[in-house]
Every structure is written in structure tokens, then in C-alpha cells.
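Asks: Sharing the features that Swiss-Prot gives for it:
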BINDING   Cys69, Cys71, Cys87, Cys90  Zn(2+) binding site
BINDING   Asp489, Asp491, Asp493  Mg(2+) binding site
Amino acid sequence: MIDRYKHQQLQIGLVSPQQIITWAEKILPNGEIVGEVTKPYTFHYKTNKPEKDGLFCERIFGPIKSGICACGNYRVIGNEKEDPKFCEQCGVEFVDSRVRRYQMGYIKLACPVTHVWYLKRLPSYIANLLDKPLKELEGLVYCDFSFARPVVKNPTFLRLRGSFEYEIQSWKYSIPLFFTTQGFDTFRNREISTGASAIREQLADLDLRLIIDCSLLEWKELGEEGPAGNEWEDRKMGRRKSFLVRRMELAKHFIRTNVEPERMVLCLLPVLPPELRPIIQIDGGKLMSSDINELYRRVIYRNNTLTDLLTTSRSTPGELVMCQEKLVQEAVDTLLDNGIRGQPTRDGHNKIYKSFSDVIEGKEGRFRETLLGKRVDYSGRSVIVVGPSLSLHRCGLPREIAIELFHTFVIRGLIRQHIASNIGVAKSKIREKAPIVWEILQEVMQGHPVLLNRAPTLHRLGIQAFQPILVEGRAICLHPLVCKGFNADFDGDQMAVHIPLSLEAQAEARLLMFSHMNLLSPAIGDPISVPTQDMLMGLYVLTIGNRRGICANRYNPWNHRNSQNEKIDDNNHTYTKEPYFCSSYDALGAFRQKRINLDSPLWLRWRLDQRVIAPREVPIEVQCESFGTYHEIYGHYLIVRNVNKKIFCIDIRTTVGLISFYREIEEAIQGFCRACSYST
């Protein structure tokens, strides 16, 4: 359906019997009305044609083959000159066979039936509206007991009792024995009520606005009483207040949507289109049918039996009629939600029947599998791995996925560059994986963003845009800083990749969805691209080192890891001479040559033109030389000054990890400054 804001939407709700008839009924040229399914049959075992008025009837649901009726006659579809549109012999309409995907039928129930979703699901809407315990309502629906009708003026058999106690169930064994079907119906219609018809009467008599006013008044009275001092009573009062709030909200919803509460009790049962519950012929001539068909057959069998008891047989005891009504109620319950009342119904092979609820709910249901989470074109899926060398707005796309996603774009590129004369030649070159194919693929990918999505998509950052680049392997490479927005990590998580095709979608991806434009949380405004997990561990490993500073002297075994520089003094003490480097390039070169470790302490000559934070600490020691120069020794660095107190050089005590970390930060700051200068 389409609402007033032109949004396409699907709305599930209660429907009136008149609307069900409108969906299903058709009037034939001879005046006959079709739409009601009265027979529990599917196909004739000899002709393999649908049975008339059965679950696959062509008169009700449309022809199996487009434009061909059950007699075999053919009419051109959509030709207004050819008349009539219905076959005069079989009554089948000459329309497209796709009508069997949406044309519905209905079953006219011999007795009202309560919709089990609104009775047994929690919270029970029927119990909330009637303000009665669910257990008592179940006993009423399944004919375990009854209640008296309030007759004001006329004398009654039950001696004017305004209600029938639920505990008194002796009527179940005594009253029906004194009446035939006709007599018992007269008595029941006048004085007592049971089954779903009793629920329907009570729902029809409800005044929703009065329910809201009374519930609000009771809620205020409970609020004014305050705590009783008894924990049990306080909990009971709290549960009652919560129930009153739910009851008022439910009544307001019925008023707002203009839906009558008695619609929760069914008089007509809709029959799904046959294409949604097919019967398929498999190898060996065997037939495979949907479980929905068998459940519909069960309902029709029991409903027809009840109809016969009420119309044809005049000597059947009333108790048998009520038992048959209970069987009809249970059959409809099994069709709608098998197993909701306890043990599920099974077939001859001890397999549980798949009811209507099982078809639509869950991960493999109709909505999530074929409507919301269905597979779409121009999409792929793979495991994500970390790409530490990637930019924040880039992602690594495996060649196998990229060539499949951009298949049509590569074909167009091959034809435009006159490398292939037609689509067939272009496809053959792609299958052969010619080198020119990868070059064109890279050109196409440079101007086309992709969308990465990780389920479940709980907020806006669950799907972001990236600039793809080709990588080897079969996993999608991702920058670790964007993982928090996806709530992802690299322990086997999978992501879906989609290609925005239209110009509007590409513009939206570039302007709003790129990862480097979503650095803040849209909910609270805090930074969301922050180091987590692997990055924190990597930063810790990079910056770990000798925390004791220069106080760790040569006799301290803390520095034992520089095995190449170990020395033994006269007292047989092992100590390490810390290496000295004139530049960071020399230190990194020594690390690559495995002369030092990542966290090994070393001395590094610091350039005076580099940024230096002025120290506020007092030197640990000052060493003076004969030429007037002196050394100020601090915890992690050493300053050499001349006679005029001018800094001659600075030596810092650091590690290779800290040097690498500093270089990365310095490059990032320089890149940010260049970007700011370009923008101004």
C-alpha cells in the first residue's frame, strides 16, 4: 500500500469479513458468485486438474496457464473485442496465470473462531481488553465452560443468574444431555454462551472510550494510595498499574485505527493464493506439497462436518456439536500457529507441520529472507580482514569479487576502447583474465564508490561508502578505525558490498556516506573513529619500553635484550651498552637488520629544528667539561650546552617503536596542514 506521503509500506492488521469477501469473490456472467472454498481437494488423481471449489480451483484463483480455461479453450489476454472474458462452460476467467499469486479465496466457518495470535501471544490483546485472566478465556474458547447471558426482563432456565461461575462445570455433563441439537441450540442462543462466539459477543459490547476512562480512574486511585508497606501487595499494585497502562494504549490504538475489537474473532478464513502454497511434481512422478495445504484441508474437513451436524442431522447431542466446534478452533489454530497451545501437530512421518506463522517469521521467513534480506544484484559478501596500510576512506576488494561486481562496467570499457567488438568478445576476454581487463577494472573502480554493510544495521553508520582498490586474496580489507561504526572486529565477521548504480545513489555515497565524513557518532556526538582492540594493542607494543629512564644503569639487568652489546665487567656482572644513532633512519635500519629490538632503549641525536617541548623538571645531574661545555642529564634525554648556555645538541633516550609512532603522527599532521592550506 502507499500512504499519503507516497511511501510504499506493508501494514499488517485486522480485516473485516466484508473486506475478505471483496478480496476473494467474483461474479460470473451467469450471475454465479465464486470465491468460497468448500471442498478439501486439490487435484484430481486421474486428470491432474484442479478440483472445482477446491484449494486450487481455477474458477476461484484463476487459470493455471495464461488465457486457457479448464476446458482447454484459449482467448487472447487483454483483447477487449473478444467476448466473453469467462468461459461459459467452466466459468474460468481468461487472464494471465500470474493472478494465482495474489487472488485469494475464503472459507465460511460454521462457527466463530478466535484468532490465536490475539489470544495466546503475549501480551494477549483479548485478555487485556476484556480484563479477564487468559486461563479463563481459554476455557471459554475451547468449550471447557460457559457463562450465562444477561437477560433483563424474561425469566430464564438458570433462574436469573447474572453470571455463570467458572468453577461450576457440571453443566458440561448434564445440560446438553437433555436436548437434541435443535433444542440445545435454542437453549444456548437464549441463555448461555460458549466458544469463540462468547468472546465475540463480549468484544462487540465493549465501549472503548469507557474502558479508557475507567482504566485511567483506577490508575489514579492506585497512585494516590501509595505503597502499602507489604512487598507482595506493592508488586501486585505495580503489575496492575502496568496492565492498566497497556489496556488504555490498546484501546486508543483501536480507536485511532478505526478497527472493531470483534474482528479478532474470525467468521471467514482467508485462503492464500495457490502459488504461495504450491504443489510441485518431483522426479519419479511424486508430488511435494506445502504444509499449508494439508492444514487447510484439515480445517475444511472439520468445518464441513460441523456444518452437517448443524443443518442435516437433527438427533445429534449438543455435546457433540461443541466438541466439533472445539476441533474447528484447534484446526484453525494449527493453521495459523502450530504448537502455540503446546505440542505441535505432526504428519505421518512425525514431522512438524509448518504453519502460517512459521512461513513468515524468523530468519528464513517470508519477510526477512525474500523481502528485507533477499539477495540483490550487484552485491557480494566476504570475510573482513585488517588493512593497516589503507586510508580511512578506502577498502580492499578481492579481484574475484570486483570483476564480478563491475562486470558490465568492464564490458562497456572494453567496447568503448575498441578492445572488444561486441559483448561476447568482451566476456571471453574477462573469462581469460587478460591483463587489459585488470587495467580497465582499476579505471572503473577509481570513479565508482562501493557500500559496505554489516548486519545488523542498527544505526546510520552500519552502512558506509568506500573507495575500492584491488587486493589479492578472497577477503575484504578494511581500515581498523571504521570498525566501531559497524560494531565489527576481525574474528571472522562478514560484510556485504553493494554498488550504487544511479547517479543519485553515487552522489549520496560521496557526499554523505564516505567513512572519513562520519567521524562522529550521530547519536551523542562523540568521536566514533577511535582506536580499539588491535590498534590499542599495537600502540601499546610500539610505545612499551624502559620506563625507568636513565636511572636504569649499566648494572641493571633490565637492558639485557641487546645481546650484541652485552659486556661483562670485572665482577662478572652482565650489562648492556645502549646504542647511539645520529638519525631515526639509522635506528630503523638497525631494527630491520635485527641488530636491536622494537622496545630496546637507544640514544638518538635530535635535530634542533624539530619540535621540542620545554622541560620543567630539574636535571638529575650536570656534568661540566674543561672547554666550558656542560651536559644536563634528565630522565629520558640529555642536553649539551656551550659556555653561553646555548643548546649545542639534544640526545633523547627512546625506542624504535616510539620513533615509528612519532613519524606516523608527524606525517599525519603534515598531511592535515596541507589539506587545510589547499582548502583555503
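Residue 1 is the first one shown; counting continues down the chain.
The backbone N, Cα and C atoms fix where each Cβ goes, and this holds for glycine too.
These figures come from a predicted structure and were not determined experimentally.
How buried are these features, and what lies next to them?
Replies: A C-beta separation below 8 Å, combined with a sequence spacing of at least six in one chain, links Cys87 (Zn(2+) binding site) to Cys69, Ala70, Cys71, Asn73, Glu93, Phe94. In the three-state DSSP scheme, Cys87 (Zn(2+) binding site) is classed as coil.
Sequence-distant neighbours of Asp493 (Mg(2+) binding site) (same chain, 6+ apart, CB under 8 A from its CB) are Val383, Ile384, Arg454. For the recorded site, Asp493 (Mg(2+) binding site), the DSSP three-state label reads coil.
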Asks: Other than Asp489, Asp491, Asp493, which residues of the chain come within 8 Å of the Mg(2+) site, judged by Cβ distance to the Cβ centroid of those residues?
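Replies: Neighbours found: Ile384, Ala488, Phe490, Gly492.
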Asks: Can you list, in sequence order, the residues of the same chain other than Cys69, Cys71, Cys87, Cys90 whose CB lies within 8 Å of the CB centroid of the Zn(2+) site?
Replies: Ala70, Gly72, Asn73, Glu88, Gln89, Gly91, Val92
Asks: What is the interatomic distance between the Cα atoms of Cys90 (Zn(2+) binding site) and Asp489 (Mg(2+) binding site), given in whole Å?
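Replies: Pair distance, Cα basis, whole Å: 63 Å.
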Asks: Taking the Cβ of each of the binding-site residues and counting other Cβ atoms inside 10 Å, which one has the highest number: Cys69, Cys71, Cys90?
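Replies: Its Cβ has the most other Cβ atoms within 10 Å: Cys69.
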Asks: Within 10 Å of its Cβ, which one of these binding-site residues (Asp489, Asp491) has the largest number of other Cβ atoms?
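Replies: Most Cβ neighbours within 10 Å: Asp489.
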